[in-house]
Amino acid sequence: MMDRQAPIIEIRNLVKHFGSVIALSGVSLSVHRGEVMCLLGDNGAGKSTLIKTLSGVHKPTSGEFLVEGRHVTFSSPRDALDAGIATVYQDLAMIPLMSVTRNFFMGREPVKGVWPFRYVDFDHCDAVTRDEMHKIGIDVRDPHQAVGTLSGGERQCVAIARAVYFGAKVLILDEPTSALGVAQTSMVLKYIHQVRQKGLGVIFITHNVRHAYAVGDRFTVLNRGKTLGTYAKSEIAIDELQNLMAGGKELQAVSAELGGMV
Amino acid sequence: MMDRQAPIIEIRNLVKHFGSVIALSGVSLSVHRGEVMCLLGDNGAGKSTLIKTLSGVHKPTSGEFLVEGRHVTFSSPRDALDAGIATVYQDLAMIPLMSVTRNFFMGREPVKGVWPFRYVDFDHCDAVTRDEMHKIGIDVRDPHQAVGTLSGGERQCVAIARAVYFGAKVLILDEPTSALGVAQTSMVLKYIHQVRQKGLGVIFITHNVRHAYAVGDRFTVLNRGKTLGTYAKSEIAIDELQNLMAGGKELQAVSAELGGMV
Amino acid sequence: AQQSSRIIVVTHGQANDPFWSVVKNGVAEAGKDMNVQVDYRAPETFDMVSMSQLIDAAVNQKPAGLVVSIPDASALTASIQKAVAAGIPVISMNSGSDVSKKLGAMLHVGQDEVEAGRIAGAKLKELGGKVGLCVNQEVGNVSLDLRCKGFTDGFGGKVTVLPVTNDPADVRAKVKAALAADASVDTVLALGAGTAGEPTVAAVKDAGKTGAVRVATFDLSAGFLKSVAAGEAVFAIDQQQYLQGYLPVAFLALNAKYGLMPGGNVPSGPNLITKEKANQVIDLSAKGIR
Amino acid sequence: MSPAPAIKKIQDERLKEVSLLTKIMRRPELGALAGLILVAIFFISTADASMFTLAGIMNILSPASQLGILAIAAALLMIGGEFDLSIGSMVAFTGLVFGAFVTLSGLPLLLAIAATFVVAAILGGLNGQLVIRTRLPSFIVTLAFLFILRGLSLVGLKWATGGSTQMRGIGAQSNEDFVREIFSGTALEGLFSWLAANDLIAKFPNGTPTVTGVPVSILWFIGFALLATWILLRTRAGNWIFAAGGDANAARNSGVPVDRVKTGLFMLTACAAALVAILTVLDAGSTDARRGFQKEFEAIIAAVIGGCLLTGGYGSAIGAFFGAIIFGMVSIGLTYTRFDSDWFQVFLGAMLLLAVLFNNFIRRKVTGER
Amino acid sequence: MSPAPAIKKIQDERLKEVSLLTKIMRRPELGALAGLILVAIFFISTADASMFTLAGIMNILSPASQLGILAIAAALLMIGGEFDLSIGSMVAFTGLVFGAFVTLSGLPLLLAIAATFVVAAILGGLNGQLVIRTRLPSFIVTLAFLFILRGLSLVGLKWATGGSTQMRGIGAQSNEDFVREIFSGTALEGLFSWLAANDLIAKFPNGTPTVTGVPVSILWFIGFALLATWILLRTRAGNWIFAAGGDANAARNSGVPVDRVKTGLFMLTACAAALVAILTVLDAGSTDARRGFQKEFEAIIAAVIGGCLLTGGYGSAIGAFFGAIIFGMVSIGLTYTRFDSDWFQVFLGAMLLLAVLFNNFIRRKVTGER
Ligand SMILES: Nc1ncnc2c1ncn2[C@@H]1O[C@H](COP(=O)(O)OP(=O)(O)OP(=O)(O)O)[C@@H](O)[C@H]1O
Ligand SMILES: Nc1ncnc2c1ncn2[C@@H]1O[C@H](COP(=O)(O)OP(=O)(O)OP(=O)(O)O)[C@@H](O)[C@H]1O
Ligand SMILES: [Mg+2]
Ligand SMILES: [Mg+2]
């Protein structure tokens, strides 16, 4: 199903410190073409820190980082975008005061005309935004509405639709489904599936083991800044995965108490 | 199991407009003692708007609001807190630049000494914070750490631990589990269960039908600012509930495609 | 009121500047005495561009007479000439005696700042001063800079400019610092009595150098005059700026009424107020007349 | 219970009808226009009638235009999330630089102007780079430049003139009419003398029109306002400015070159200051050490009256345009009234407050915000 | 793969060891102290030795203390998320009010002081209520008050004195020594004359010590800094101030009475201005229309040098304390050096920039931020 050449993204022994806090202490990981790699782990395990390092927001303290087999160092998120890594951050990277359209096209505005009279055709942008949002299951009432007035889930959908629309080689999604309703979640999972089929790599972070298992090909579990291991879907059952994600804590007890519905 | 006197909270025909946007168009709802009322619905259905109206953040455009059978109008969240309504907001109501302890006790700082020499015993507060966070499954490295440096899930846990610690008559939780890891989620669900057993009322908002079904007694589904109906747990099966939450959209199709794992 | 007997005064000095508030009092008094309407206008800071705009605004209102100060001839030429072209009689005051005629003003009332500074400098030199300090509370305000320049010329000895602010604590501390840093300073000239002069006297007292350091100031304030009377300061230099406000308005009013106008410039000062005269003027100064 | 309604995008039932008026008034700049109208009404009822003659309006617009050029630049910078407190000192310093190029170096006017803009751009870039590199607040960095440039203006003036704080006679010797006409004096003179000849506008007794033309600074002001509006609303750079000011981190994460945008804005602000310096120096023929004093302050006021948020990310150039006119009208307008000038500041403050309150009131009323 | 480690709270492996020094230097105010030390080193090496004698230090501290009282109040207000640009004018206005109470109404000193504080608190409350009710930025509201109060001071002074802009003789007639001693002159005079008598401090030739005591304004300054620090760090009100400034909405949602906190801060700021007014008026015996000119500006500078964020929610009173001393030392210190005074502003700007840069550099170095 997928070609196992050089991975699109590979990291080796990545370490990241914030002042005295050690957020990542030696993480290795690889993502291939046409593969959905799920990154799982407890709160504070370092998942967001890891993907922010991949997308150029943080500079790693040490460690190797290869894109398509070549060493890279990103000095800004723009570098990562240029290298084909598109990211939906957990904190969304949106400007609340700006309109939906302007947020959607932020940093990648299509221009028309010749310099110095180059301009952005915002009518066209509005149409695209409305369209893309509709595809993901949200009727934007008015693309000029400020993003700050959208509901949490609607905002998440803007971020995802944006990343997908400007599709790249690798799509990184940090808990994209956490704020979404059932319908929107299905939509996003379907998107992830489509993206994989187009041959892109996907890194998908989630706390919902069902979502992960529904679309993931491989699962990497982080715990307290370290990898607990990487498993292919065939190697691990959903329950084992769930236990691993929770760090083996006294989960069964609670779960049983509440009727095993978690 | 629960006494069916006057509901702790009852609203009738609540309407809320934001300028030209109609966020709620006539919602009725009641919560009783010792009951977990799950509020479900699509993104943008108006759930957060509804609970923000209950907790005094927004003033309703029209409609009735009764607490323990008496009509009330809150002019600020403080009024709601004083009336015994504690809320964990979706956007958390935390100050990123302030320490964990200061956020934990914000608005409800315990004071010592006599006026004008009243002071806050922050050492004691630090200990309480560390303790409460530990109970919910988070080891706070340093209670003086700014909340802004915590991971999304850790921040959520602070908000929940705070609301539970200062427990009131009604606890409102807006998507508390969405950013949480498996272990923390179980913890929160267990908390909700405990709170109910103490005789408090709980309003629990979630997009995860399993979480809702695990702890909920009754389920109210909102759609586009209107109630689709309220069901007791005995009246509805989990699959029906899920369909209702998604607004009956072409969910089955997607779900089937992905192996029914959503 | 009658449009014809309105006189507008545009200067570069703000209404809250102690020096100019006296001018303004003179203007108001003359308006009352002559039974004409007077308006006093000045920009919010020393700003030649907005001053020229204020003159334009005055010209638009076609007054019976216009009184202006001319601290920067280049910047104000166009506006003043426009007033003259519009047939409005113009009298210049305070500064600009050199260009007054050329711009078409009927006459000039006042004392050149440089000249006043030179006289003060010469007097202090005569009193035995050798190393001087010029305390400037508004560096960059051309009229104050010119006072320092005149002082330097007339004094002959070494003069350092000490930039300070309007804050008495700041003036006091800086003068004290300057006296401590250079023990040879024996003369201090402040450019404003209330703002810079009084704290300077206090600073000299703090430094234990009362008497050893000659203190003088431009303009008058009751507090400073007391110090002059007490011998803590040597003199205050008075331009009698009340006249600079009163006379032009009176002249223009009479001009409007009877077509009268004196034949030449009127020098309003300077007038050195020393120990002997100090006591008589204290009350007038407290009322904003001197 | 019925299933969810299957309404498609025809008419969303969750939107109330809003009138066109409401839609128009929702734009931030039009609140400022409402404030302007209020202030104008106040003066029409209290001031001398000559205030609203053609000459009177030109008289109001000239200070407004000089302030306005600065205010628009300040507004763009504020939208981009930064302040520049050195604008006022920059006016003095670039005025000196320009004066020195003309009188001391004897450069032709065009070259002197170009060189002045280059100096301004370099200084603005320096401001920007310091803010970005050190990650200090721009408030404090540009404040340092407020002092440094003001001080350098004093030192430079004394050096250039041999001891005076005033440099005179700038541009008197130059006779390149074309460049001069772009940067000083009045435009459309032919039109105005024709109008005067036909008794359509007021004349002095000697027959010259009271207004000989539109001061060029007003044309620059209008042109700059239009350009800035176009940039903000229609170009990629405009989107980047909003994004950089709204949330620099989020913008950076989305690939906006925030640092480049901010540096560019600082350079633009400095160049706007240079433009004002050139306009005023050529007009007045002189410059002094106090030029532009506190203009940074007034520019920010005008931008805020015009609806810019101090926290960045929101505002408009047209708002700053109206804000500058309000400020100019209040400060010149009071001289047309019979109020004692002692009360000037009281009125200025009260009028500012009223204009902003009214602007705010209208906006809330119209948009139905609570 | 092994299951998750079951480490309990003994030692978290995800924390590096940090030295005590690092921990201390992480406090925002100590960055300002580092800046102060740098500035002091600069002056020790360039200025006249008399600058760091006891008399010299008192001389630096007395203007610094007046600025500092304002700066600490401004810092609290900034932490609470608002600005007050009317502080400077408030100094002039409350000075006038106090003067009028003493000279015109002939109130006893204590009553006059109390009444002045009441007036200040009312004005501050008005500021605060306007900001809260209108939801306009405090920048613009207090700016209006900057003008209004400045104008009223002028009008009031002229009215009270019959035409002069200076009111004098305040406190000359009053002879309540106790109250006077608290608000003016020097304290600890006995100690200092004893020290002088024992040749421990410098004397004038006539035997009186060069420093007769500590100016009371310095004691007020220190006392206020300690009080403000205690409030910020140890009280409920302090937590509310941080919360209100950090995110007013979040704070309100958590039950913090944000509006009351902000109004209280505005009142505090106005009272700080009144305190400075009373101290200076009693000291100088007079007040004039230009008192406190631009002090609002300097106070904000000092607070920012001291590490306050302009966006609110972060800062310290001790930082503002050091910030005021840095500002005072730079502005007074230059007169002790041999630099040409024309360069004064250039140095002032450069020193400010250096102090802040150094402060920033130290903090980053020590905390290991990148
Ligand atoms: N800028 C920072 N400064 C200090 N510590 C930080 C910073 N950013 C993250 N951390 C710490 O690093 C750890 C990892 O955080 P991270 O956000 O990567 O967790 P996560 O795995 O994404 O958790 P979640 O599932 O809750 O989002 C956390 O303990 C957090 O407190
Ligand atoms: N302040 C506001 N101004 C204008 N519209 C608003 C405002 N707040 C909310 N809305 C709109 O009201 C609707 C309901 O929003 P709300 O946040 O209550 O949804 P929600 O049910 O909580 O959704 P989610 O599950 O995504 O959090 C949304 O369409 C949103 O755009
Ligand atoms: Mg995360
Ligand atoms: Mg919500």
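Placement of Cβ uses the backbone N, Cα and C atoms for every residue, glycine included.
Over in TrEMBL, the protein carries these features:
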TRANSMEM  E:30-54  transmembrane segment
TRANSMEM  E:60-79  transmembrane segment
TRANSMEM  E:91-124  transmembrane segment
TRANSMEM  E:136-157  transmembrane segment
TRANSMEM  E:217-233  transmembrane segment
TRANSMEM  E:265-285  transmembrane segment
TRANSMEM  E:297-315  transmembrane segment
TRANSMEM  E:343-362  transmembrane segment
Highest-contact recorded stretch vs the transmembrane segment (E:60-79), from E:91-124, E:136-157, E:217-233, E:297-315, E:343-362, CB pairs under 8 Å: E:297-315
Remote residues contacting the transmembrane segment (E:217-233) - C-beta distance under 8 A, at least 6 residues beyond either end: 58, 61-62, 64-66, 68-69, 72-73, 75-76, 79, 187, 241-242, 272, 275, 279, 283, 316-318, 320-321, 324
Annotated stretches the transmembrane segment (E:265-285) and the transmembrane segment (E:343-362) touching (3 or more Cβ pairs under 8 Å): no
Remote residues contacting the transmembrane segment (E:136-157) - C-beta distance under 8 A, at least 6 residues beyond either end: 82-86, 88-90, 92-93, 95-97, 100, 123, 127, 130, 164-167, 287-289, 291, 296
Surrounding residues of the transmembrane segment (E:297-315) on its own chain - C-beta under 8 Å, 6+ positions past either end: 28-29, 31-32, 35, 67-68, 70-75, 78-83, 87-88, 242-247, 321-324, 326-327, 352, 355-356, 359
